[in-house]
Structure formats: C-alpha cells, structure tokens
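The block underneath contains the structure these notes are about, expressed in structure tokens.
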C-alpha cells in the first residue's frame with residue numbers, strides 16, 4: 001500500500017520536474033556536450049578539420065591572450081569584488097542601523113543602477129569617460145587637473161571595474177540588507193542594552209548572522225567576474241587599442257569564435273572557463289565553510 | 001590566345017545582356033554560351049537571365065550602408081518580380097562574423113553581401129563567394145577604375161561588384177592653417193611636419209589626428225608610399241612583410257610626429273573625435289574620398305572653413321595616393337538565386353540613377369568611370385569646402401592610386417592583431433618599428449598555424 | 001546548509017512582527033549626521049551618471065558636448081530627441097521595445113513555471129535521483145552562459161531556429177537559480193501538514209499543487225519572474241549572436257548597433273543624442289517595475305540569502 005503511494009508520488013514528482021529538465025537537457029546539456037565534442041577538433045583555413053584530442057586545451061594553456069584574460073579576471077576578483085562587496089555590506093549595515101536619515105530613499109537610489117541594462121550602462125559610462133568633452137573631462141578641467149584618459153591602456157581595466165561596481169553594489173546591498181532584516185531584533189537589542197557600539201554590534205552579531213547571504217554574494221560575484229563581456233565588447237569601439245581580443249576570457253571566446261572563426265578552439269576556451277569557475281567557486285565554498293565552522 | 005578569346009566571349013555575353021536589359025522585352029536569339037570555346041564555366045544565357053528576372057524571387061541583402069533601401073527601391077521598380085529584403089546586421093567585424101556564421105550554418109544567410117575590398121580575399125579563401133564571371137561580370141571590367149577592379153578579381157574570377165572607394169587626400173581647416181601661418185597645403189611630408197609645428201606653436205589645434213586603431217588608414221599611408229606588406233596567391237601562399245625597411249621608414253616619420261606631439265592620437269569615430277572635428281581640435285584629417293561629404297554632415301558647424309588637397313608626397317615627381325576603405329557587393333555561394341543576386345549587385349552600383357544617388361546621399365566616392373566623369377558629380381561645388389570642386393580633386397587623386405596592392409586572406413585577425421601591436425605602440429607613443437615587428441610576428445604565427453605557407 | 005536562521009520567507013504582504021517592533025525601536029534611536037552625510041554622498045556616485053543620462057537626453061548633438069553634463073543645455077530638446085528616436089528607420093525603436101518586452105515576458109513566465117514546478121518537487125517530494133538532479137542544477141549555475149551560446153547557436157542553426165524569437169526565448173527558459181530559489185521558498189511556504197490534510201480530503205497531488213500550494217508559492221514566483229524578466233531584458237550576448245533581422249532585435253542589441261553607426265566610415269552617422277535619448281527611455285520601464293514591485297525583490301532576494 002505505502003509502496004504504491006510512494007511510487008505514485010515519485011511519478012508525480014517526475015511529472016513536476018520533467019518540463020524543466022526537458023528544456024534543461026536541450027538548452028543546456030546538449031549544447032554543452034556539443035561544445036565538448038567540438039573542442040576535440042581543430043579547424044585550419046588551409047587543411048580543414050581534424051581530430052586533435054586535447055590539443056586545443058594544451059594550446060589554451062600556452063596562449064598568452066587567454067592567460068592574460070584570466071589574469072585580468074583574477075585582478076578583478078581580488079580588487080573589484082572586495083571593494084564592491086565591502087561597499088554593499090557597509091551600506092546594508094548603515095541602512096539597517098537606522099541611523100541615517102532618509103534611508104528608504106537611499107536604499108532605492110543605490111539600487112537604481114541595477115535596473116539599467118548592462119549595455120546602456122556601458123554606453124553611458126563610455127560617454128562620461130571622454131577625456132575632452134565627457135563629464136569626467138569637464139570636471140577635471142574645471143578643477144584644473146590634467147585630462148585623464150580613462151579609456152587608455154593603463155586605466156581601462158579600472159574604468160571597467162568602476163562600471164561593474166556601479167551597477168552591482170545596490171544589488172548586493174539589497175541581498176545583504178534583506179538578510180540583516182531577518183535577524184531577530186531581540187538579538188541586537190540585547191547587545192545594545194549591553195552597551196555594544198554599532199561597529200561592534202555589526203562585527204560580532206550581524207555579520208556572523210548573515211554569513212550565508214555574504215557567501216551568496218561572493219559566489220555570484222565570482223561567477224559574474226568570469227562572465228564579463230558587455231564592457232569590453234562595447235568599449236572596444238571607443239578604445240580599440242586598449243581592449244585586446246583576450247581582454248576577458250569570455251570576450252576572448254567570442255572573438256575566437258566569431259572574429260577568428262575558430263569555433264573549435266572557442267569551444268575549448270569556453271569549457272576551460274567553466275572549469276575554472278567551478279574550481280574557484282569550490283575553493284571559495286571550502287574556505288567559507290571553514291570560516292563558518294570556526295565562527 | 002585562349003584567354004583572350006574567352007574574355008571576348010565573356011564581354012560579348014555581358015554586352016548582349018546589357019542590351020537585352022535596356023531593350024526590355026526584346027529577346028535576343030544569340031546564345032553566347034555556345035561561343036565559349038575555352039571556358040569550363042557555364043555562361044548564363046540571356047534567356048536564363050530573362051527568366052530569372054521575371055520570376056518572383058526573394059533576395060536578402062546584408063549591408064550597413066545607410067538608406068540603401070532607396071537604391072533597392074529603384075531596383076525593385078526596374079524588376080518588379082524581385083523582392084529584396086535589406087538587413088543591417090552590424091558593421092565591420094560584427095557584420096563579417098554574421099556572414100561567416102550564417103554561411104557556415106548554410107541557412108539564414110544573405111544572397112548579396114557588402115564586403116570591403118580588404119575582406120574579399122578573406123572570404124574568397126574560405127570559399128564563400130560566388131564567381132561572378134559566368135554571370136557576365138568580367139565584361140564590365142572596363143567600366144571601372146583599374147585599381148578598384150583589381151581589388152575585386154582573384155585570378156580569372158570576379159568576386160564582387162565595386163561600390164565605392166576611398167583614395168586618400170588631405171582635408172584641412174583653412175582658417176586654422178592661416179592662423180598658424182601655413183598658406184599653402186603641404187606638398188611634401190617634410191612640409192607637412194613644418195606645418196604641423198606651426199599649428200602646434202600658433203594655435204590650440206593639431207594638424208591632424210592619427211587614430212591608433214585605424215588600421216585601414218595606416219595601411220593607406222603605406223599604400224601611398226609604395227610599400228607592399230601583403231601578398232596572396234589565391235590558394236595557400238601568403239606574403240607577409242609588414243616590417244619591411246620601407247614600412248619602417250614611413251612609420252619612423254610618424255613616430256617622430258607623434259613623439260613630438262605634432263599630431264594627436266585619439267581613437268576615431270567616437271563622440272570625442274566628432275567633437276574634436278567640430279571644435280577645431282584637429283585642423284585637418286588625412287582621409288579617404290568618402291570623407292568630404294561625411295565631414296560636411298559630421299562637422300556641420302564648421303561649414304565653409306574646410307578645404308581639400310592631395311596627400312603630402314614622398315616624391316613630388318611621382319604623385320601617389322593610397323586607398324582607405326570602400327566596399328563592394330558580393331554574392332554568396334549559398335544563394336539559391338544567383339542570377340537575380342548578381343543583377344542586384346551589379347545594377348545598384350552601375351546603373352546611372354542609383355550610382356549617382358550613392359554619391360550624393362551616402363557620401364560614396366564612385367568607382368564606375370561613367371559616374372566619375374559625370375558632370376553632375378565632377379563639377380559639383382561644395383559650400384562646405386568654400387565652393388571647391390572636391391569631387392574633381394579626388395577623381396584626379398584616384399588615378400594616382402597604385403594598382404598592385406593586395407590583402408591577406410585573414411584580415412579580420414590581421415586588424416585585431418594590428419590594434420594590439422602597432423596600434424598599441426601608437427597609443428603609447430612608443431617604438432613604432434617594434435610595433436610593426438610585433439605585428440609581423442603575430443601575423444606569421446597565425447598564418448602558419450592556419451596552415452598557410454608564408455613567404456617573408 | 002544553514003537553516004538555523006528565521007527565514008523571511010513568509011508571504012511578505014504584511015511586515016513581520018519583529019519588523020514593526022524594530023521600526024519602533026529605530027525611531028527612538030539617535031540619528032547620526034555623519035552617517036547621513038556619508039550615505040547621501042555615496043548616493044551621488046550612483047545617481048550622477050543617471051542624472052547625466054537624463055540631462056543629455058534633453059540636449060541636441062552640439063549641446064551634448066559643449067554644455068555642462070549635469071545641467072540642461074541651451075535648448076530643451078528632450079521631445080525632439082524622443083521624436084528622433086521613434087523616427088529612426090521608420091520607428092524601429094518601438095519595435096525593439098516591443099520585442100524586448102515579449103522576449104522578457106515570455107521567458108519570465110515560462111522560466112517561472114518550469115522553475116516553480118521543479119523547485120516544488122525538490123522541496124516536497126522524495127524520489128530516486130533527486131539529490132543528483134538537484135546537484136546538477138546547482139552546478140549549472142556556475143556555467144558561464146557564453147560558454148553555451150556558441151554551441152547553442154550551432155545547434156539552433158541546424159534546426160533553422162536562428163533569427164527567430166525562439167532563439168532568444170528558448171535558452172532563457174532555463175533558470176537553475178530559479179529552481180534553487182523556488183526549492184528554498186517552497187520548503188517553508190508550503191507546510192507539509194497542509195498538504196497532508198488535503199491528501200486526507202482526497203485531493204490528488206496535482207490538484208494540491210494547483211489549488212493549495214500555488215497560492216502560497218506566489219510571492220516566490222513573482223521574485224523568480226522578476227529576475228528572469230530583468231535577465232532577459234538586459235541580455236545582450238545571446239540576441240547579438242542569434243538574431244540578424246533588424247526587426248527582431250531587442251533594445252540592447254538595437255541600441256548598441258545604433259551607437260555603432262557613428263563608426264561606419266563613409267556612411268557614418270553621428271546619432272549620439274538619439275542613442276542617448278533611446279538609452280534613457282529604455283531604462284524607464286524597469287525602473288517602474290522595480291519601484292512597483294519593491295517588496296517582492298527585496299524579500300525574494302532574502303530567501304536566497306538566508307538559506308544559501
């Protein structure tokens with residue numbers, strides 16, 4: 001009897017997940033498998049297609065363009081992500097403390113950039129960065145500073161980091177803020193009565209309590225950093241020499257596939273990129289888990 | 001002899017075809033295909049052409065030429081059975097990658113496609129272009145400026161119909177030059193440097209802007225100097241020689257100009273650059289023949305202040321120019337309607353009415369001799385240039401363009417690696433010769449990796 | 001992983017009790033001028049570019065570069081620019097906006113339906129392979145979408161689906177994160193006791209889902225819908241490679257292409273003020289959606305955050 005019910009429930013459950021996994025299999029697994037298949041071949045303009053086993057992967061590890069792109073992503077992970085999440089956490093805590101006036105408006109305004117499509121954000125910042133006639137140009141001139149070319153080889157990475165930070169601080173702040181709001185108020189009221197300062201309260205009560213949310217924002221930022229594409233794709237028009245083909249790994253995969261017409265190598269790069277993301281996410285998860293256990 | 005006979009046969013075919021078209025309705029009984037003694041390709045007969053043009057047909061035309069719909073409308077009026085869908089799928093590299101992927105997929109691609117001259121051999125190499133000779137293309141060779149025609153042929157194949165070209169000249173602001181104490185347009189590159197120094201010393205402007213990423217423009221300057229950086233035999237052999245002593249000599253001149261801050265090095269065609277033109281940051285522009293009309297729209301506020309002149313020369317006894325840009329229309333092999341597709345490419349670019357409209361509406365500099373000699377075009381006086389007959393000037397310049405320039409069969413890669421090597425050296429005000437060396441290495445590596453045989 | 005926290009996953013229609021209490025508490029708190037100042041200065045960083053965008057949308061091409069970016073130009077050209085936006089290529093902008101809305105709308109509804117059913121099943125039923133399938137779903141979150149886009153393109157072109165709306169919509173229907181979110185949400189929002197009671201009443205499993213659970217899942221669904229909607233609305237890479245016809249483009253690709261017409265060499269047109277006005281218009285719908293649906297995204301995000 002129970003077995004029959006159980007079996008029926010299994011069938012029902014499969015019925016529920018079937019539509020998702022049907023689409024998942026065709027739109028996700030199949031392309032992925034196809035991509036994997038393609039990555040074992042090489043295509044040459046003269047000579048055509050031939051099987052090369054792991055040749056494309058070996059090539060990627062010796063390809064300076066791909067490695068520099070990964071390096072830039074690492075720099076973004078180490079510089080931009082901490083700044084962005086630090087700001088998001090600071091704003092979330094400040095809003096949660098209820099000590100700033102107009103905090104509801106502040107929250108909305110900081111979140112607003114998330115509603116701006118990435119393409120529009122990049123176009124807009126592209127204009128703003130103009131060193132002679134853009135907003136930054138106007139401001140540096142008004143302040144009597146030398147004109148700064150935010151689109152030069154040296155600064156372009158930081159200009160891109162700025163765009164990403166601008167767009168995503170609010171999003172991360174909302175995740176953290178919502179998590180903070182879910183902390184039972186009795187907990188920090190008690191701490192406040194004990195005379196703990198806001199800083200201390202944040203550090204030893206609130207942050208540990210919202211650790212899972214912080215973890216989520218870190219993982220999302222890691223994945224997001226590896227996927228940066230819009231910024232180089234659109235800025236390359238106005239900064240053609242500063243943005244190289246391999247500026248970010250994702251942009252490189254696009255260029256290899258659609259500019260260099262080397263679909264096979266692009267598939268290998270895309271695959272490697274997925275692996276790198278999984279490894280980095282896994283490392284982050286492990287270290288977070290350790291931290292969680294400690295605290 | 002055989003070759004000659006075949007050429008004649010082809011010429012007859014196409015003349016007959018043209019006659020058939022103009023005498024619409026009159027069918028010709030001659031079947032020039034049967035006269036073809038040497039050719040292996042099947043010539044299209046007039047009957048076939050008539051039939052194709054009178055059968056309801058849908059064509060797709062990918063181009064980023066703005067308002068080209070107007071020329072297409074004229075074509076549809078001429079051939080009411082042919083319906084053409086114009087699509088702009090992006091421009092430059094975006095456009096080419098779309099064409100490539102559609103062509104690879106075998107479906108969803110266009111019948112007729114815009115191709116810049118510099119990319120024709122790249123697409124021919126991958127076998128994507130239809131040889132237009134059987135459709136009568138060889139017969140119209142003499143209608144075009146010789147150096148332009150050379151750009152669309154490969155061996156005995158004709159791969160595209162020329163649309164516009166860009167022989168290079170020097171556009172400059174007369175008012176700023178006068179203020180700087182430069183009364184005559186510089187005749188030599190040495191004069192140009194002297195003038196540049198005066199402009200820097202006496203005004204807030206630069207004599208011109210040399211955009212680091214403008215690969216076609218930099219190559220145009222090499223072209224003018226008679227440098228031959230590329231060669232391609234149509235199959236597996238490429239010549240790559242971008243760091244030849246001659247190329248380095250030209251670039252040494254520019255390195256000196258750049259490092260002495262005599263020219264600016266802003267990226268072009270972005271908002272800042274447009275403003276630079278409008279606001280006099282740049283007192284001049286070394287550019288192509290399509291630029292004069294373009295500039296009159298882009299820098300409207302400065303109307304009447306500009307003048308045009310030939311490029312400064314290396315050797316005034318042998319005036320020369322290079323070419324920058326310009327496009328042709330090609331037919332893809334995947335087309336199901338090759339005859340109609342060929343007629344579209346040919347008609348909009350060679351019939352007098354649409355071809356003239358290109359020069360006035362789309363800023364194009366023509367390639368068909370009949371248009372270049374048309375008084376409507378040549379004698380036009382432009383207010384933007386103080387009443388100067390700019391078209392006549394560029395028509396003269398066009399005759400001084402070296403005919404033997406070739407491209408590599410992988411220009412998409414060549415330009416993107418140009419930006420990363422030579423372009424980056426310009427942007428950094430660095431060693432341009434080293435930039436050329438780096439570009440040479442990148443090109444040779446790529447060519448070898450793609451299986452080409454590389455000649456130094 | 002860490003379910004020890006009180007989740008804010010209850011339907012967010014009314015502020016929770018502790019929330020009310022905290023509001024009362026915070027009213028009594030000392031306001032900090034310094035913190036207020038710091039916060040509002042930070043706000044400047046986020047809104048100055050948007051102010052610039054608005055001001056620029058009111059300028060013509062020459063004012064755009066010659067007048068101060070954060071104030072009006074000599075002439076107020078907003079309406080002229082908007083007219084230009086809608087006049088460009090016979091009003092193709094309206095078409096792009098419509099496409100964007102359709103793609104985002106269909107993808108959001110479809111993805112939410114799929115994610116809701118799957119998430120609900122993972123949360124409420126035990127079945128062979130559930131752990132593995134869920135782990136695969138979680139793993140999928142890590143795969144960069146661009147890694148899929150190229151092979152997806154090749155598959156679609158062999159199925160003759162490129163350059164059709166389906167090429168953008170079908171891949172957008174897969175939202176592994178949506179499944180994850182709905183699983184977390186369903187676990188708390190639909191009490192097992194309620195399902196059990198319905199079963200005792202003789203209701204079938206699908207009927208329970210349809211009449212009992214769905215209503216409880218609604219707030220979570222709105223969140224998933226909202227985020228898929230935004231993701232599809234903002235998507236650039238996928239439509240960029242999938243679509244060729246101008247009339248099928250969404251706003252992102254259309255605007256980027258319009259911006260690029262300034263760099264078309266001989267045929268170039270400097271459409272900066274038109275592009276900027278078009279960009280400005282394109283963000284208005286999402287801003288309104290976000291303002292209107294605040295409580296959903298705020299609590300919805302918390303669901304993922306708390307239970308991460």
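For all residues, glycine too, the Cβ spot is worked out from N, Cα and C.
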Transmembrane segment per TrEMBL, picked from A:188-208, A:209-229, is residues A:209-229
Out of A:155-180, A:233-258, let me know the one TrEMBL marks transmembrane segment. A:155-180
Using a Cβ distance cut-off of under 8 Å, indicate which of A:12-34, A:155-180, A:209-229 has the most pairs with the transmembrane segment (A:108-128). A:155-180
Counting only residues 6 or more past its boundaries, what in the same chain has a CB within less than 8 Å of a CB in the transmembrane segment (A:209-229)? 73, 76-77, 80-81, 84-85, 88-89, 160, 164, 168, 172, 175-176, 178-180, 183, 187, 248-251, 254, 273, 276-277, 280-281, 284-285, 288, 291-292, 295
